[in-house]
Amino acid sequence: MDWLLNAGDDPAHKFLLMIIAIVLFVAVMALILFVVDKPRNPSKWFIAGGFVGPALLLLAAGLLYPAIGTIVNSFQRRNSSEFVGFDNYARAFSDPAFLLVLGNTALWVLVAPALATFIGLVYAVVVDHSRFEKFAKALVFLPMAISMVGASIIWRFVYEYKPDQPGIEQTGLLNQLIVWLGGSPVQFLLERPGNTFLLMVVLIWIQTGFSMTLLSASIRAIPTDIVEAARLDGLSGFGMFWRITIPSIRPALVVVLTTIAMTTLKVFDIVRTMTAGRYGTSVVANEFYEQSFRQNNAGLGAALAVLLFIIVIPVIIYNVRQMRLAEEVR
Amino acid sequence: MTIRMASRRRAAALAATGASLALILTACADTGDGGDGGGGDGGGEAASFEIDCAPYEEFGDLEGTSVSVYTTIVEPESVTQTASYEPFEECTGVTVEYEASREMEAQLPVRVQAGNPPDIAILPQPGLLNTLVTQYDAVLPAPEQVEANVDEFWSEDWKEYGTVDGTFYAAPLGSNVKSYVWYSPSMFEEAGYEVPETWDDMMALTEEIAASGAIPWCAGVESGDATGWPGTDWIEDVVLRTAGPEVYDQWYTHEIPFNDPQIVDAFDTAGEILKNPDYVNGGLGGVDSIATAPWTDAGFPILEGSCWMHRAANFYQTQWPEGTEVAPDGDVYAFYLPSQSTDERPTLVAGEFIGAFTDRPEVQAFQTYLSSSDWANAKAAATPAGGWVSANNGLDPELLATEFDRLSAEILADPATVARFDASDLMPSEVGTGSFWAGITEWFASDASSQEVTDDIENSWPTN
């Protein structure tokens, strides 16, 4: 048993375990297929159960069980020893420190997805059918390949501050520009509420590529007969954009907006890497981690996680609906 | 917070996450280190260090057994740490499985709850011990051999830090001395300045330097998600000097409120230096730059001549860039942060503690070894570059590598020293690693007043 569970640092041993795991997986799947295939006239439910069952089982163990556990935790004391009713939620909604966190999260959800989608849309329309289209698209899409933490570190350098003292050179890009223009360096990450928006820039920088790609594809998918008919009716330029393009890609627009909104609600890496939630920039996801794992307050941490969950549910429902609508249109 | 181990956290995080692939590789390499039982070839010096094997015979034949250790002490300090275990391994045949992680403080409670604790954890602060005992009931009381060792080699105070509700759990391991001011001996000599002996002397010197057109002090409290801790050390040191050790004890035990006038007074006294734009922040910016300057580099302006004094603990010794000579006639050295008079020497200290989660004989034998003077001496012998010291009174100062380490050991052993443990490590974690850190950061970042900050922290003190 120990041989199976502890590979140590012997690569050969690790590979052997990996192969055993794969063989086991294949064997179990084969067994399921074999059993499902066995009866002459299997009922629909039997076949469906055979295929969906394992996935449902794993979902229940990996998602449902911990989710219920978290909800229960959120009504308990910090070490889950006794129930305290809604105390944790009351604190999350009354303590000024947490109100700031909730406010910041609202700001993130309102501003970041809207800007990322808007910039992506405008960019998609502008570069569409231009000579440099491929290159221009690749340029905006590139940041998508960078992890949130990586991007945050890059932007930390952009915002880096060095004092305005003799013999000291700026190392941050933005402050160097300011100094060249004759200004004095600014502590970008300290000035609130501007610093929260500066953090959003990182997310927008990453997500614009995503929105640009999806929106560009759905602009291409607008039937040419509609466009031509509109043109015959005398529409062009902004009118075309506003009356034809936007309504035609509305479902895609909503999907992009809500998908980015979900990413935004979960934003944790950017805040933790850039300010660790200090200087009034914390958001719910960061505070959840802080409470659960730094201050060992499992109750409050769970309450914040549940709050995040509740906020994200309507967005998900809307997102799924629009996705179905978009499919029906097609 | 006493994170000498977390010291490289930021730099390493930057380096590791710069390429996420590198991060994954590092993670793999880390577990690899843990597996081979404590760096077989790393510590030639320690292997030659002889200890008496007799104390471990009573635990029976331990040959072939193993003990797992979980700690925040990552490379490069982990090399000397594992090397110091070798004499024990040779005596008993026990294999020590060493696992280090920067996320240990967050992960340990998770592992305890999952029923998968290590045998032994090196706890970087008593607050974590308190949490593990009171919230998870997970740490086992120290065996009698360990208690006997601690009674013999450590003072009452140190034993008390490893005690929760009257039960002794955790023996101290290493110690840090935090009441130091780093300076450049050559700069002082050229300018004709003397090392100040009292607080007033120090303030006079500060004024003199400022009058010459230079900025005397530099400071920085940025430390990733632990941002603020170097600032809390500053305040604690000043509380010890303006209000005295008795008030200090009442302060961290919450017998007096956090916003007691004496504490507000200490904030203001520290503020006379730290919030005076004429006195800070040499080479780093204005007062608010203290909040954003990484503590690891905050003393470096001394090397460039743009700052004169930097208050930081003895472990700042290992932070200086390679090639910096730490000596009374070298590039940098430190003097004791003076108090109001020369006959009292209140000193802020900190350290790590050994918590055990299992009680197999080999685990208890290893605990016994770690609490002994043999271990302290083996560790000193295994640390040729210095930067380590202990308040274990069996430690032979001659074995310490540098003059500065011997100075720290001398301060720890001096009967005139009134040592007090880092208060933020002793306060409940909501305060000690939460609102106190956040508050002190605000104090610098948005120029919040001492009264506002202490009021906020007092309000965050847990009621149950």
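Backbone N, Cα and C define each Cβ position, glycine as well.
These figures come from a predicted structure and were not determined experimentally.
What TrEMBL records for A:102-319 is domain 'ABC transmembrane type-1'.
The transmembrane segment annotation in TrEMBL covers A:15-36 (among others).
According to TrEMBL, the transmembrane segment annotation covers A:45-68 (among others).
For the transmembrane segment (A:106-126), the list of distant contacts is 136, 140, 193, 196-197, 200, 203-204, 207-216, 219, 241, 245, 253, 256-258, 260-261, 264-265, 267, 283, 311: same-chain residues at least six beyond its ends, Cβ to Cβ under 8 Å. Sequence annotations record features per position, and here TrEMBL assigns transmembrane segment to A:106-126 (among others).
Feature annotation from TrEMBL assigns transmembrane segment to A:138-158 (among others). Beyond the ends of the transmembrane segment (A:138-158), by six or more residues, the same chain brings 120, 123, 171-174, 189, 198, 201-203, 205-210, 212-213, 267, 269-270, 273-274 to within a C-beta distance below 8 angstroms of the stretch.
Look at TrEMBL and you will find A:197-219 (among others) tagged as transmembrane segment.
Beyond the ends of the transmembrane segment (A:240-262), by six or more residues, the same chain brings 109, 112-114, 116-117, 120-121, 125, 207, 210-211, 214-215, 217-219, 222, 226-227, 230-231, 312, 315-316, 318-319, 322-323, 325-326, 329 to within a C-beta distance below 8 angstroms of the stretch. Here TrEMBL flags A:240-262 (among others) as transmembrane segment.
Within the same chain, residues 67, 70-71, 73-80, 84, 87-89, 91-92, 105, 109, 254-255, 258-259, 261-262, 265-266, 284-285, 287-292 sit at least 6 positions outside the transmembrane segment (A:298-320) and bring their C-beta atoms closer than 8 Å to a C-beta of that stretch. According to TrEMBL, the feature transmembrane segment maps to A:298-320 (among others).
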